[in-house]
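What TrEMBL records for Gly174, Arg175, Ser176, Ile240 is NADP(+) binding site. The domain 'Tetrahydrofolate dehydrogenase/cyclohydrolase catalytic' feature in TrEMBL is assigned to 14-128. Per TrEMBL, domain 'Tetrahydrofolate dehydrogenase/cyclohydrolase NAD(P)-binding' is recorded for 147-293.
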Amino acid sequence: MNLSLLQQDDDKIIDGKATAQQVLDEVKYEVTEMKQRGIAPCLAVVLVGEDPASQVYVRNKVEKTEFVGMRSLEFRFETDLSQEQLLAKIDELNADASVHGILVQLPLPKHIDETDVLQRIDPKKDVDGFHSENVGGLSQGRDVLTPCTPTGCIRLLKDTLGNDLAGLHAVVVGRSNIVGKPMVALLLKENCTVTVVHSKTKNIQQVCQQADIIVAAVGRPKMITASYVKADAVVIDVGINRILENGKNRLVGDVDFDDVLPKVRAITPVPGGVGPMTIAYLMKNTLHAAKLQYAEL
Ligand code: GUN
């Protein structure tokens, strides 16, 4: 292939790392201003158990909280922590006026009911946007705390396509509570025409071929190949899958990146696409939560 075509393909790669850094710098600037007015935004992260991936995520969250100048609290518990003990910790953090954001890292050990725990977090401190009050508020189009990963995807889409996404056909692949469902609500809020496909959908490929925007969040490595994609579509890949390829461990998305790249207008890579945006929007949500709580005083 000639060099200029390869160069053009490079220009299509959405740099999530750079955009995330921009978001972090925006947050840092606002945090500095708030601190000058005597307000120190604070995020509390709760981790139960020894899941290695969760430990890495939590370490990253603490690091970024400190980078933007916010106070960071971290609570680690053994796997055998009871649900009552966890709920008591959440009650304590809810009651603490110096804590503005609470994040309970998922997944939780099997003996703990995730929904009960997420529902216990004060909706104004719910920086994950998982409480039913925030889920409902989002579906009504209200200005509530919204889940970090899909909110980060909207930012990447606007940076790529401009602020007006109205009338574009977006196909969301996957219907999880963390990504797929809130993604649908956020795209609707932007006046997109939205279709959601999932494991029981009969003609996923044909539906995807209609899309101006594809958001892939199914957890199936390289499922979306070039034959799913309309020419000049924008593809956002939320998948993070560890696979063994040629004897080596590799991190790949739900999209077959190399296959799809020549055909698309723009695409997020894995890693370095959506991933860094999730933490950046957690910081933005914590700032938003601090503002919500001070507006009340
Ligand atoms: N585990 C994987 N993704 C997430 C997330 O977005 N929030 C929380 N709390 N836990 C997670």
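The backbone N, Cα and C atoms fix where each Cβ goes, glycine too.
Unlike curated records, TrEMBL annotations are generated automatically.
Bear in mind that the values here come from a model prediction, so they are computed numbers and not experimental data.
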Counting across all protein chains shown, how many other Cβ atoms sit within 10 Å of the Cβ of Gly174 (NADP(+) binding site)?
23
Within the domain 'Tetrahydrofolate dehydrogenase/cyclohydrolase catalytic' (14-128), how many residues are helix, strand or coil going by DSSP?
60 helix, 19 strand, 36 coil
Please count the residues of the domain 'Tetrahydrofolate dehydrogenase/cyclohydrolase NAD(P)-binding' (147-293) that DSSP assigns to helix (H, G, I), strand (E, B) and coil.
59 helix, 32 strand, 56 coil
Distant-in-sequence Cβ neighbours of Ser176 (NADP(+) binding site), under 8 Å, six or more positions away:
Ala217
In this predicted model, what is the average pLDDT of the domain 'Tetrahydrofolate dehydrogenase/cyclohydrolase catalytic' (14-128)?
97
